[in-house]
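Structure first, then comments.
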């Protein structure tokens with residue numbers, strides 16, 4: 001029996017030496033050449049391999065163990081030993097461990113009680129080998145990184161809770177990441193002991209007496225560094241403190257931001273009323289903008305012909321046609337009335353204002369009809385346009401004029417064939433585009449209505465309309481002079497004031513952050529502007545902005561109409577399409 005024991009002992013010792021490359025005694029009280037006896041809370045006293053094997057195989061009983069005496073001190077069986085990634089005989093605690101004094105003074109025997117099993121399950125101890133091999137040098141960890149009192153101040157987890165509930169007690173902020181001196185905020189990728197963290201650890205309570213046990217790492221006494229503890233605690237609660245003050249005031253922070261550009265505009269434009277130099281510069285700028293608008297219209301006329309301005313449009317419904325009957329039916333249709341009702345609901349305008357807006361569209365249709373009639377009275381101009389359409393086209397180009405159908409919702413041209421139109425009507429793309437386009441029309445109709453009411457010319461007409469007069473009445477002037485005067489008024493409404501447009505676009509971009517709250521505020525402000533116009537009060541800045549907004553809406557309509565006009569080719573309603 002002695003021979004067999006000696007053989008087993010020598011074989012085991014040789015295997016250990018080959019595995020570690022050096023002669024080590026893996027007794028429960030030793031690690032890396034340092035002899036420890038955790039059972040008695042002191043160093044020294046190298047234990048023999050005989051005593052270790054006898055203890056491991058249950059051949060020798062020690063006091064204080066009970067059922068767990070067959071396992072060595074601090075080597076009670078748990079899920080750690082069944083997982084790979086570490087030495088199965090390596091002690092679970094490394095250098096500089098305070099457990100030898102804390103647990104040695106708190107518990108008796110060899111610490112084989114249920115507390116040992118409970119404590120061993122904490123902090124990712126059973127997460128495999130990743131929690132036993134530190135990938136980073138301990139010297140790089142922030143001082144006090146693993147100190148227990150830093151966790152005591154803001155951890156609400158109990159010391160004997162489930163391992164799935166308690167986070168790994170690493171990192172000063174409880175996020176499972178160490179703070180390295182190389183980076184201000186530390187890395188967010190790895191756990192201090194390798195592998196992922198077991199939890200975020202956002203608790204803010206106090207730990208129990210046993211929940212603040214040490215983990216392997218550098219131990220620093222925080223009693224000499226109270227400032228660090230305060231900083232760590234303040235760091236943990238800083239975000240919640242910020243949210244308390246930011247969230248309630250979030251809606252109020254944007255309003256001053258939106259008001260600042262208006263204040264700047266008022267301050268910059270108020271001197272123009274008294275400074276003649278600024279007035280001259282403003283006039284030159286306006287003339288330059290008008291000239292640019294004329295060049296733009298000439299360019300569109302050269303590209304699409306003059307007929308694109310002959311279309312009948314409804315600015316609110318984005319309806320466009322070349323037939324008088326169609327526009328007449330639209331202005332009396334339920335869809336047009338629904339758009340007006342939506343505008344009234346969003347803007348809170350009274351019935352008189354809505355009637356005035358409807359009359360504006362009717363008057364626009366009448367003026368377009370007069371312009372078109374005058375154009376048709378000069379057939380030579382129409383022939384020139386028709387000739388220019390096919391100019392340069394030869395038989396080798398394989399091009400011809402065909403009739404098409406334009407879908408504004410999908411922005412596509414469809415061949416004027418029954419099968420093609422029906423196929424597009426039943427397509428899912430058209431169904432989705434139709435709903436989206438309808439919502440877009442409703443949103444833009446509100447902006448168009450408020451922009452029109454801000455125009456100074458429209459304000460004057462509204463004042464006459466409220467008094468019971470007809471602001472669109474055609475007087476007994478010669479027809480040519482009346483049309484010229486109306487066109488001048490329309491040009492004033494349509495003239496772009498591009499600098500104001502840019503400022504308005506910036507305000508709109510900022511206003512989108514505020515959402516519907518800002519939109520309602522703008523609408524109410526514009527309603528007040530309309531009422532002020534009825535009383536004869538007009539603000540210079542508001543007039544300039546209104547003119548720019550009205551012109552912008554009209555220009556968008558004209559740009560949209562150019563594509564449709566190109567498809568219909570003036571009165572013939574035809575466009576060019578390539579046939580290969």
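Each Cβ is built from the backbone N, Cα and C atoms, and glycine gets one as well.
What Swiss-Prot says about this protein:
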type	residues	note
MOD_RES	48	phosphoserine
MOD_RES	56	phosphoserine
MOD_RES	63	phosphoserine
MOD_RES	81	phosphoserine
MOD_RES	82	phosphoserine
MOD_RES	106	phosphoserine
MOD_RES	114	phosphoserine
MOD_RES	118	phosphoserine
MOD_RES	121	phosphoserine
CROSSLNK	140	SUMO2 cross-link
MOD_RES	212	phosphoserine
MOTIF	238-260	motif 'Bipartite nuclear localization signal'
CROSSLNK	240	SUMO2 cross-link
MOD_RES	247	N6-acetyllysine
CROSSLNK	247	SUMO2 cross-link
CROSSLNK	254	SUMO2 cross-link
CROSSLNK	264	SUMO2 cross-link
MOD_RES	270	phosphoserine
COMPBIAS	272-290	compositional bias 'Basic and acidic residues'
ZN_FING	314-336	zinc finger
CROSSLNK	401	SUMO2 cross-link
ZN_FING	407-430	zinc finger
CROSSLNK	459	SUMO2 cross-link
CROSSLNK	467	SUMO2 cross-link
COMPBIAS	483-529	compositional bias 'Acidic residues'
COMPBIAS	530-539	compositional bias 'Low complexity'
COMPBIAS	540-562	compositional bias 'Acidic residues'
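Counting only same-chain residues six or more apart in sequence, none has a Cβ lying under 8 angstroms from the Cβ of residue 467 (SUMO2 cross-link). In this structure, the C-alpha atom of residue 459 (SUMO2 cross-link) lies 45 angstrom from that of residue 401 (SUMO2 cross-link). Across the zinc finger (314-336), DSSP helix (H, G, I), strand (E, B) and coil residues number 11 helix, 4 strand, 8 coil. Looking only at other Cβ atoms within 10 Å, the busiest spot among the recorded sites 401, 459 turns out to be 459. Mean pLDDT for the zinc finger (407-430) in the predicted structure: 93. According to DSSP, the compositional bias 'Basic and acidic residues' (272-290) comprises 17 helix, 0 strand, 2 coil.
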